[in-house]
């Protein structure tokens, strides 16, 4: 079996869900009687469709997850993770404004996992560029996290273990 990362890190906005939690929706959030997560105005708030399956797959492979987000809406982001029942998939959460470098340095300190044993999924190129400099295998997300992106990301990670590390911006199987 191919080598697996020791930690899979996910951005939140436009990676797990299709919005910016600090501008496009209106916290606080709640779960309605039909199980739908809604914001203060009653607007439905959803994950990208395959996100729960992606996280279950990683869990079944024994790969722990973490969240790393630069949002200023810290409480709202954590509330959504709880309402979507995603806390169980994330052993650590680094959710606060600032550089993703700081998020990863703290994740490395908390877990003891080397950067080279981490994989990171994010929709913003600047984060991919910054974090890849640490030696993390970085995967650029274009239309939300899905199973195909996970499989391609794990393949990229496995290849990086046998050669020089690179981000998916250089040779991306996700871009047309």
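Note that Cβ sites are derived from N, Cα and C of the backbone, with glycine treated the same way.
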Candidate sharing the Mg(2+) site with 11, 13 (per Swiss-Prot), from 123, 130: 123
Of the candidates 100, 110, 133, the one that Swiss-Prot places in the phosphate site of 12, 13, 69, 70: 100
Of 11, 13, 123, i.e. the recorded positions, those within 10 Å of residue 69 (phosphate binding site) when Cα atoms are compared: 11, 13
Most crowded position, judged by CB atoms within 10 A, among 11, 13, 123 as recorded positions: 11
Cβ-Cβ neighbours of residue 100 (phosphate binding site) (radius 10 Å): 25
Cβ packing number for residue 69 (phosphate binding site), 10 Å threshold: 27
